[in-house]
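Asks: Questions regarding the structure given below will be posed in turn.
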There are 2 protein chains.
Amino acid sequence: MTMQDAHTPVSGSSSDNGGGERQIGWHKGYLTGSRPDIRVPVRRVHLTNGRDVTLYDTSGPYTDPQVETDVRRGLAPLRENWIIARGDTEEYPGRAPRPEDDGLKHTAPRGGLRNLDAVFPGRPRLPRRGRDGQAVTQLAYAKRGEITAEMEYVALREGVAPEVVREEIAAGRAVLPANVNHPEIEPMIIGKRFLVKVNANIGNSAVTSSIEEEVEKMTWATRWGADTVMDLSTGRNIHTTREWVLRNSPVPIGTVPLYQALEKVDGKAEELTWEIYKDTVIEQAEQGVDYMTVHAGVLLRYVPLTARRKTGIVSRGGSIMAAWCLAHHQENFLYTNFEELCEILRAYDITYSLGDGLRPGSIADANDEAQFAELKTLGELNRIAKSHDVQTMIEGPGHVPMHKIKENVDLQQEVCEEAPFYTLGPLTTDVAPAYDHITSGIGAAMIAWWGTAMLCYVTPKEHLGLPDRDDVKTGVITYKIAAHAADLAKGHPGAQEWDDALSDARFEFRWEDQFNLALDPDTARSFHDQTLPAEPAKTAHFCSMCGPKFCSMKISQDIRREHGASAEEVEAGMAEKSKEFAAAGNRVYLPLAD
Amino acid sequence: MTMQDAHTPVSGSSSDNGGGERQIGWHKGYLTGSRPDIRVPVRRVHLTNGRDVTLYDTSGPYTDPQVETDVRRGLAPLRENWIIARGDTEEYPGRAPRPEDDGLKHTAPRGGLRNLDAVFPGRPRLPRRGRDGQAVTQLAYAKRGEITAEMEYVALREGVAPEVVREEIAAGRAVLPANVNHPEIEPMIIGKRFLVKVNANIGNSAVTSSIEEEVEKMTWATRWGADTVMDLSTGRNIHTTREWVLRNSPVPIGTVPLYQALEKVDGKAEELTWEIYKDTVIEQAEQGVDYMTVHAGVLLRYVPLTARRKTGIVSRGGSIMAAWCLAHHQENFLYTNFEELCEILRAYDITYSLGDGLRPGSIADANDEAQFAELKTLGELNRIAKSHDVQTMIEGPGHVPMHKIKENVDLQQEVCEEAPFYTLGPLTTDVAPAYDHITSGIGAAMIAWWGTAMLCYVTPKEHLGLPDRDDVKTGVITYKIAAHAADLAKGHPGAQEWDDALSDARFEFRWEDQFNLALDPDTARSFHDQTLPAEPAKTAHFCSMCGPKFCSMKISQDIRREHGASAEEVEAGMAEKSKEFAAAGNRVYLPLAD
């Protein structure tokens, strides 16, 4: 078995784009499943020692030189034929777009909003939904014992048998977010038996940023490894921004429909109604949103539990629903209408991401009564959603000191019947604003090791401002580290092959291989070049930390070379070898050219 | 009890420099002990709500505007009177400096080496050592029941009773590194009952960097929170660089004497002798090095255990001693002469940092036979060192996946009788060169939670190049986060007060207080200003993430304000309050000016 095979066990054949001469570096490749239209993208790293390493790839068609992409046309609808072939959906005219979808109800357009450039030009399709409201969800198929093309796709991608994927989805332990109106995605799976996933948040806000920036942030985030992207836009142009993001996204897109619903009532929480919310959900369902955060667990009776907290309610959705509950002194309309919402979501295969509106916003508030009361309600809602065949994951905190993290996963897994946990960090201390990717990366790695299936990234700007391009990259890379560290700790098959390949390259001074295998080859290479810029340094048998004379790896290699690979041989022949070593001039450091 | 008192319980009085009007921001303050010359520096943060928060301060006199510092004169010898007053040390002429101390044996001086600028000008003192070779160590005093000025100092600094400090040192569970020839330091303690400490490595190498850069890196590292600094210089000017660093360092300085000894034999490991090594130790002892890494656990019979490793031996000291052992086929001379070395170290109160020369250099090699065999030998050496009254800590890895970290601490604590553990990270994955501050920050936080007393930082340049000023800062801040996250998880008294103060400031939109309380106020402020640069934004009751309409903390405050602070009251009066809320115009968002 080659390293490539070991890293991503595949049941199908594999083919590379490009062909021709083997070039050192990395390029896009594909694993092909049982039929030609199941082609799973991978990142192939060609090493200087003749080996290849195959890595998971989230970057979409943008990194395939053979695919021409055009953000104004959108990506090809990869899944369209699969969806149509199942014969259980139908096209329909859909909801007519309204000015308030883009926040234009009470404000005059200005600065070219909704001009021809802003409206997405490339949408020919009608929306689609389950015929007669039937469940067209991966959960419904899995329960019936069907292995869909999407399931086969993710099985190939994860290196497991398709039946494992089906089983995990059927049991509600994994979700495969894939709205029938988002055929552009490359299917992926979220569940504790699979690789830990990372979500990146993007979204304009009332204060700053534009459509173009958000689309670019999405492709940039997936370029560095984001498995899903949430569009949390809150300003104007919400509908239009989302359309551009969806049509160009190779990964599932999540939203919080409540944000847009609130825009439609001019930010007055008490004016929200189930009807406005439901209409917003349908609007987004028809666009193709793959999963939705729903704060249905913020119950009226839980709100007072937050009164004595240090930082009250820090979830936007949670605070909006809390304000609504108090204003009306009525139960949360998302909770009271939850079954009707299930009926909508199942007709599009939208996955629930049950929001933790009462998550702690500080170390002091972690694991408190409000948080865990809501979690138990999310467990109740999870059972209801499953009974309607709606895929469901559960959101988690937030801010939690290390010693209180495990209790979060354990309780969630218990009360939510092992539904995938999707946590925001958690931050393990509050004292380092500007470094919350790190305070939370620590907690994220730990909570993922203990069973969290997807991590929502945190950028350096958390608590301070909106992330720019660099922040998005830093956040994604930090969280890929946390996710991969967890994959290693969980003993995920194949995870360690990547580390081993990089460690081998390091020990053998194959600098180019080290860079190409790195999570961020660009930065690794540039850091190396800052100290030793010359080209020969990239093949030198030492590095800038120790210089040529003190290099420990160099000495280790000499030891190995002098003593052979077998520990037994070394032990047996040590006295003899010691003499040879002296006879050979006691060369601790071999010439650089060797 | 005010927050200030709660954070740093003090047995003495406290006084601030500066006096006069109270200014928002932070400045240097001091806690005074039982006598006026015990003055422990602290960082006082003056909040806009009239409160003060007192934080641990490692930055030395450089941040005290009332102290004039001059790097050519060095810092004031804070501990000199304490050392003299004990009457157990004597001055002596000391070892004469030799050209080879600076690596000039076989090479002609060039480029102004050892000119008047390079040689440290401000050293009037003779070296000092224990009279008649007696132990002048904090361990010896502690065992005799004496509470030294240094112990009282660290007790005040840590907010514990002096007797706790004495007990922990006497039991070998903590060390207080303080060479009698380094009177400039502000004493600090390393042990699991105390705050987790952070070490920053500096040092020029054969490839690059200069004396000035290294001194500046030292003050820069302590400015951001480094508790100790290791000078790992390996190029020329080793002696001179160390002199400048020691004379200007407010924190204990550690070294690896083997590096300099190897320079003296032109990098030929097989030419090393006990005599050359011993001479180097005395040279460094007289300069004032506070703790020394000694690779005495790399035994001849362990070397073959590394032959089948993925990355062999990655410790420089470990590989040098392994090469020596193999070349001579003799036992490690540091091991065979260990008791004599103890006699030297105890005469200066140099603390052992028993090096883990066989630590794993990759995920694949973690917790293997070679590593744990050496650890058991370190346990044996720890007992010998203690019997000679030499303070001792134990170095640990390295590269360890998350699920194998705890075993490291548990085994070390067992075989080393709870001697302080001092680990390098560990890195939890190998796939992210350029981000190894993060891959290792994750492991560092966890291992510190489980009992590691001091963390050796890793910078973004690890494996790639030499850290510059920015890398040093990033490494220190990342490790202060890990250390503080561990303090929180261990329930260290007072640790959470800092988080609480920052969380309060966040919830109450006291932006300036958030910045001033942050581990890195400069970056926090600049990140905020990138999105909302105007001055009013720093008092705004919302932030750039959500904008003014959606702010969850704002809504939370309204809920609290509407419903009072008591959960019982809220529950009881909720129906009534709901009416009032409506009557007040259903204001979810209060005016910004309120």
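Any Cβ shown, glycine's included, is placed from N, Cα and C.
Among the features that TrEMBL reports, compositional bias 'Polar residues' is placed at A:1-16. The region 'Disordered' feature in TrEMBL is assigned to A:1-33, A:90-114. TrEMBL lists A:27-90 with the feature domain 'ThiC-associated'. The annotation compositional bias 'Basic and acidic residues' is assigned in TrEMBL to A:90-105. Taken from TrEMBL, the feature substrate binding site covers A:ASN201, A:MET230, A:TYR259, A:HIS295, A:SER315, A:ARG316, A:GLY317, A:ASP356, A:GLY357, A:LEU358, A:ARG359, A:GLU395, A:TYR422. Annotated Zn(2+) binding site per TrEMBL: A:HIS399, A:HIS463, in sequence order. Taken from TrEMBL, the feature [4Fe-4S] cluster binding site covers A:CYS543, A:CYS546, A:CYS551.
Could you place these features in context, so I can see how deep they sit and what lies close by?
Replies: Sequence-distant contacts of the compositional bias 'Basic and acidic residues' (A:90-105), counting only residues of its own chain at least 6 positions beyond either end whose CB sits under 8 Å from a CB of the stretch, comprise 113-114, 125-131, 235-240, 260, 263-264, 266, 279, 282-283, 286.
Annotation note: A:SER315 (substrate binding site) sits in a coil segment as assigned by DSSP.
Taken residue by residue with DSSP, A:HIS463 (Zn(2+) binding site) is part of neither helix nor strand, so it is coil.
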Asks: Could you tally the C-beta atoms, other than its own, that fall within 10 angstroms of the C-beta of A:HIS399 (Zn(2+) binding site)?
Replies: 29
Asks: By the criterion CB under 8 A from chain B, which of the binding-site residues A:ASN201, A:GLY357, A:ARG359, A:TYR422 would you report?
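Replies: From A:ASN201, A:GLY357, A:ARG359, A:TYR422, none lies near chain B.
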Asks: Just give the helix, strand and coil counts over the compositional bias 'Basic and acidic residues' (A:90-105), going by DSSP.
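Replies: Each residue of the compositional bias 'Basic and acidic residues' (A:90-105) counted once, the result is 4 helix, 2 strand, 10 coil.
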Asks: Counting other Cβ atoms within 10 Å of each Cβ, which of the binding-site residues A:TYR259, A:TYR422 scores lowest?
Replies: A:TYR259
Asks: Roughly how many Å lie between the Cα atoms of A:TYR259 (substrate binding site) and A:HIS463 (Zn(2+) binding site), rounded to a whole value?
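Replies: If we compare the Cα positions of A:TYR259 (substrate binding site) and A:HIS463 (Zn(2+) binding site), the gap is 19 Å.
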Asks: Which has the fewest other Cβ atoms within 10 Å: A:ASN201, A:SER315, the binding-site residues listed?
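Replies: So among A:ASN201, A:SER315, the binding-site residues given, the one with the fewest Cβ atoms within 10 Å is A:ASN201.
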Asks: If you count, for each of the binding-site residues A:ARG359, A:HIS463, the other Cβ atoms lying within 10 Å of its Cβ, which residue has the minimum?
Replies: A:HIS463
Asks: Which three-state DSSP class does A:ARG359 (substrate binding site) fall into?
Replies: coil
Asks: Among the binding-site residues listed here, A:GLY317, A:GLY357, which has the most company in the form of other Cβ atoms within 10 Å of its Cβ?
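Replies: For the binding-site residues A:GLY317, A:GLY357, the Cβ with the most other Cβ atoms within 10 Å is A:GLY357.
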Asks: Measure from the CA atom of A:HIS399 (Zn(2+) binding site) to the CA atom of A:SER315 (substrate binding site) and give the result in Å, rounded to a whole number.
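Replies: Here the two Cα atoms lie 12 Å apart.
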Asks: Using only the residues recorded as binding substrate (A:ASN201, A:MET230, A:TYR259, A:HIS295, A:SER315, A:ARG316, A:GLY317, A:ASP356, A:GLY357, A:LEU358, A:ARG359, A:GLU395, A:TYR422), report the maximum Cα-Cα distance in Å, whole number please.
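Replies: It comes out at 20 Å between the most distant Cα atoms.
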Asks: Quick check: in three-state DSSP terms, what is A:TYR259 (substrate binding site)?
Replies: helix
